[in-house]
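Peer 1: These came from Swiss-Prot, pasted as-is:
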type     : residues : note
REPEAT   : 336-369  : repeat 'TPR 2'
REPEAT   : 377-410  : repeat 'TPR 3'
REGION   : 419-468  : region 'Disordered'
COMPBIAS : 432-441  : compositional bias 'Polar residues'
COMPBIAS : 442-453  : compositional bias 'Low complexity'
REGION   : 494-872  : region 'Disordered'
COMPBIAS : 515-537  : compositional bias 'Basic residues'
MOD_RES  : 536      : phosphoserine
MOD_RES  : 538      : phosphothreonine
MOD_RES  : 540      : phosphoserine
COMPBIAS : 600-618  : compositional bias 'Polar residues'
MOD_RES  : 606      : phosphoserine
MOD_RES  : 607      : phosphoserine
COMPBIAS : 685-734  : compositional bias 'Basic residues'
COMPBIAS : 735-747  : compositional bias 'Low complexity'
COMPBIAS : 753-778  : compositional bias 'Basic residues'
MOD_RES  : 769      : phosphoserine
MOD_RES  : 771      : phosphoserine
MOD_RES  : 778      : phosphoserine
MOD_RES  : 780      : phosphoserine
COMPBIAS : 793-814  : compositional bias 'Basic residues'
């Protein structure tokens, strides 16, 4: 085992490791190694930051080090350290980066300077620059940087560094060999005597007090002797505008994946099996190693450079493209895509022979590569043309023949070869070989190494558009007698562009996971979208209007037009009918609306429809009238003038429903007397009050306008009262009952007449005598006892205001004994109460005066009123 490494481990882990070592390996093991006196200074510094929670982890780690000491500290692991000469040579392969503080911008600069100066120690070698010669033969210098291997940038720190004359050493010599004194801007190699980080002072010497190395020379030195990292940044501003990572990625050494040298510099062999388990160090047989994995890794590294080279090639940056492609081939010499791209680059620059060499290598590795065959054929044609211009007909014929051997259907090569055959000069020089002239068979003796031509027929069948007129065309024109055409420049004729088909697609497929070219793809996609939008706009703008007219279906348009005209005519006829009807008899009552679809409100049956046939006259009248509202009292039928009967339309005639009489026979219901349409314009007093209707069946479903019209038209309850208010602003609540079909439907429900009193008017009233018109009926076996007669059921009450208030009845279920004064509000269990909305009963007298005017109240009425107020 390596005793030095064990001593360093003991000094780092301290006495706990020593105790465990003695327990595991014996007490005399360390004594035999000569490790009786170990320096535990490092452990004592680390001990300050230990925590109790990590005590178990430290114990396990110490046990592992003691048990596996033979594997961890084996001497054979570091026995193959390279020689110093090889190490010195390997230093040039490493990236020389500027110190990290050069890129760092610290807010507290003083604190940063003190931290960097604290890293310097006595005896370190630094490079300085002379600023001036002070009195007393003191040399004032400015520190620049430290010598390798320590990298520290000191040029931005305002340090006062002094070199006394006693520590100058020998003076430098001039060109004649005479000693001279130090001058400004001289670069000196010095050694640190004393350092004070707080005061930022340095004391230097040039005699080597601490470093007794004969090869190291102090004193005057040249700028070339400065470290490489400083020579790169001495002209740059501090802090640097670029980032540390960007500079690292730019370095050529950083992109070199060859790690074998790094292994050797550290004494490790790359082909050895390095393991802490001894039985795994024997290794595996060489034939079991997967060379394909290593090749795949190298090709992935190379494809990055290939992609960059292709991008430079397309942008016209040929120098950068060559650098990237050469770098890719250095990493992976068998990279076919790099060979094809570099061959195309050579051919585009006019170096046809070099390009053909790269194409042949690519086809040797992959003889079915489409781009390699295609580009090689184009290069051979361009080479043949250049030979024709130089009047080297034999070489031109051979180039065209090689192209036809590679691509038998190449049209330009065949035409050029035929033209050379027809020329007299070419017939004497061309060697006759039928296999080469026909081009139907492939020759292995040609310059190309391909044997398959099935995959390039489509690409070779179409000639390039940028290829100029060949040599045979000029000869042909001479024989026909036409004008002679000038020969186009050879460079322009031989140029061809690199197609973006398999090469770029394969490169991008392999680099898709690395996502290096995603931005370029997005930009290209945006450009394509813009072009498509522009094309669509231009198409829409330049589209012929005649074509648009051809696309129109005129029959469908006429059909739609006829529909619209018919609908407008029917609307006009309907409007004309309504106007004529209004002129004839519509002043008294507006025409009824046309039949509409049944809504949920109209289609819903009332509660008394589910019970059975009714024997009362009022129920018959309601059924005959359609169930909307009962007829008015007979007393008021004669007070209004009957309007002239308007001609009824077919949809206005209502059919009378069937009704079951007392004997159980079905008969037509008796027709109800029609309602008086419109409002009478008599001088009677009209109520302006808004009586709150609590009807559960209709008023909640109707709107405000419909509700108000129903209150004024269809109310079957009319109460007349004379209001005698003490104040002009006194408002009375007119709460009169209204016939609700719901309250008469369930005849046989227990407790139906429990709240009979609540259906009467809340106002203080006197009972009327039975109506002489509606006679009281005789008892019937089909009607339960104590059923109210129609006369008493729809009896009106006299209120004390001469207002005709039309309102629906309140809800059926109310409390039995409610306060009966005019200020009481119906707050039953099923009613909705709004305390902010109160119905105001305001009556207009026939003479035009307000009901609120002070009138002398009757005596009886006044007494009754005072009595009610006392009870309230």
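Cβ coordinates are placed from backbone N, Cα and C, and glycine is handled just like the others.
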Peer 1: Give me the DSSP three-state residue breakdown of the repeat 'TPR 2' (336-369), ordered helix, strand, coil.
Peer 2: 28 helix, 0 strand, 6 coil
Peer 1: Quick check on the compositional bias 'Basic residues' (515-537): DSSP residue counts for helix, strand, coil, in that order please.
Peer 2: 20 helix, 0 strand, 3 coil
Peer 1: Return the average pLDDT for the repeat 'TPR 2' (336-369) as a whole number.
Peer 2: 92
Peer 1: Does DSSP put the residue listed as 'phosphothreonine' in a helix, in a strand, or in coil?
Peer 2: helix
Peer 1: Around the C-beta of the residue listed as 'phosphothreonine', how many further C-beta atoms are within 10 angstroms, looking at every protein chain?
Peer 2: 10
